[in-house]
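J.: Input: one structure, supplied below.
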Amino acid sequence: MRLVFAGTPRAAVPSLVRLHASGHEVALVVTRADAPTGRKRQLTPSPVAREAEGLGIPTLRTNRLDEEATARIAAVGAGLGVIVAYGGLVREPLLSTPARGWINLHFSLLPRWRGAAPVQRSIMAGETVTGASVFRLERGMDTGPVFAVEERPTGAHETAGDVLHALAMQGADLLVRTVDGIAAGSAVARPQEGEPTLAPKTSIADGRIDWARPADAVLAQIRGVTPEPGAFTSVDDVRVKVHRAAELRDAAPLDPGRIESVGGAVMVGTTSHPVELIQVQPAGKKPMPAADWWRGVTTRDITAR
C-alpha cells in the first residue's frame, strides 16, 4: 500500500524504518521544518528528515499543514497516512485526503494519557505499566477508535527517555502489523473504553523537584522528566540538575529538602525516607557524581528548594 508518513523526533524513526522495509511504499515523509539547535543555533533537520534522506524518500518539511501542504500530500495519491509524533494537528481537508484516512501510533494505553507527553506523565504519576496504541485519527485529540494495543512494564529505574526508546521499537512493529491488516481488509478499530486522562506537554516548571512529598513521588518526578525537560533543585541559589537518584529506605529521616552526606552518600530529605543523589549537574558545569559536587559545596547547613 502507498503511504504518507508524518513524524519528527527520534522516537518516530523506528516506525519509518520498519515501514520502509515492509512491503508497503512510503511515498512521502512529512516532518517539521529544520530548527535551530545547539549553542550556535544552527538550523538542523529533524531525526526523521535525516533518516528519510538516507532512505531516499522525498520529504516535505513544514510546520503548517495548510492548503499547500495538503495539495502536496494529495498529489502523492497515498492510500493511507501514518503519523508518529509529527508535532502538529491534522485537520480537514487533510484528514480525509488519503483514501483510507490516517492512523496514529501513540505511546500510551489509550484512553489513558491523551496528549503530547504520555510517557512522561505516566511515569510521573507512578504508573508501572504503559504501552503503545495504534488508532484511527479523527478531529478529537487522540480520541479515535483503536486498532491495536500492546502493554509494556515500566522498570523501577527507567527514565522517560528509556521507556520512550523501548516503546518506539515495540510500537514500530505494532504499527506495521496494523498497516498490514488495513491493507488486507482485516483490521478492526474499536472505540476507546475507560476514563481518559490527559498528558499535556511538559515544561521547565515540571522539572522543579518538590521535596515536600514522599520519596517515591520525588523519584517518579525525576525519572519522568529525564532527559527532558530535566529535574532540578536550587542549592544556595544555584540551580542543580538531578540526572540520577535512588531510594534510601533504611536511612534515618531528614526534613524535606535537607541535604546531608552519610558514608559517602549525598542524601536529601523528603516526607518519607531520604533520596540519594547519584549524578547531578550544577549550573554551568558538566554532569558529575553527587559526591564530587558535595565536596565542592562550602556550606553544610543547607536545604534544597
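A Cβ is built for glycine as well, from the same backbone N, Cα and C atoms used for every other residue.
Taken from Swiss-Prot, the feature (6S)-5,6,7,8-tetrahydrofolate binding site covers Ser108, Leu109, Leu110, Pro111, and the record attributes it to sequence analysis.
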J.: So what sits near Leu109 ((6S)-5,6,7,8-tetrahydrofolate binding site) in its own chain, CB-to-CB under 8 Å and at least six residues off in sequence?
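T.: Correct list: Val129, Thr130, Gly131, Ser133, Val149, Glu151.
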J.: For Leu109 ((6S)-5,6,7,8-tetrahydrofolate binding site), what is the secondary structure by DSSP, using just helix, strand and coil?
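T.: Going by the DSSP assignment, Leu109 ((6S)-5,6,7,8-tetrahydrofolate binding site) belongs to neither helix nor strand, so it counts as coil.
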J.: Restricting to the same chain and to sequence separations of six or more, state which residues have a Cβ under 8 Å from that of Leu110 ((6S)-5,6,7,8-tetrahydrofolate binding site).
T.: Ser133, Phe135, Asp142, Val146, Val149, Gln192, Pro196
J.: List the residues of the same chain that sit at least 6 positions away from Pro111 ((6S)-5,6,7,8-tetrahydrofolate binding site) in sequence and have their Cβ under 8 Å from its Cβ, in sequence order, or write 'none'.
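T.: Pro111 ((6S)-5,6,7,8-tetrahydrofolate binding site) has long-range Cβ partners Asp142, Thr143, Gln192, Glu193, Gly194, Glu195, Pro196, Thr197.
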J.: Whose Cβ lies within 8 Å of the mean position of the Cβ atoms of Ser108, Leu109, Leu110, Pro111, the (6S)-5,6,7,8-tetrahydrofolate site, other than those residues?
T.: His106, Arg112, Trp113, Arg114, Pro118, Gly131, Ser133, Asp142, Val146, Val149, Gln192, Gly194, Pro196
